[in-house]
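Scroll down for the structure; my scribbles are underneath it.
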Amino acid sequence: MSQDLYRDITDLAHDTPGWLQLVAELWTEAGLLLFGVLFLAGWWRTRTADSRALAVAVLAPLGTAFGYVVSELLKSVVDEERPCRAVAGAAASLVECPPYGDWSFPSNHSAIAGAAAVALALAWRGIVWLTVPMALLMAFSRVFVGVHYPHDVAAGLVLGALMAVLFVKLLTGPTRALADSMRMSRSAVALWLAGAGPAARVPAAPGAPEPAVTRRRREPMHRRP
């Protein structure tokens, strides 16, 4: 069934306009770069959030890397040949077929995409509408260009997502404690990386008295008569 679906998708790919084929070829790699940009944006926005949010944002790319490592380990065990070499009668792949030994199951690109989509959603719920379609498109593009079976990318998405959730959930507590420690540090680098937390976003109320410490610093020194 997966071979038949692979043939159908690769046949469709050859019937699409050249510009769409080029977009699919570029997206299989460019999507990873875009996820990287979103990781940076997620970290930056949580520098003024509570320590738990910062911890999850920091763990998001690490959880994605963990998903990739697990996918690569599984790939080395399964040893499934690429469909661009194994499926008889299929259309030629749009990109060069990976060399022998670069196995097919599961799709590492899809594992990374699935992990990144879910990890980013854990750190930044409002972005799920962007990350999930990105991951699905990346997974589909791997079949579209002819280097993976449909079951490769489906397994990669699920595996990556599960590993990212597991990684983030297990390490949020220790990472949160580290974030709190960094925010109390005297190191300028640590303070910049962790940010000031929610206090940085709270403006002083109009007409509110200054803190006592500040007032004392500004009071003039009176000499004794």
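Positions of Cβ are set from backbone N, Cα and C atoms, glycine also.
Any TrEMBL annotation is an automated prediction that lacks curation.
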(message) Looking at 103-122, 183-202, I want to know which stretch TrEMBL calls transmembrane segment.
(response) 103-122
(request) Answer with yes or no whether the transmembrane segment (103-122) touches the transmembrane segment (20-41) by the criterion of at least three Cβ pairs under 8 A, sequence separation 6 or more. (result) yes
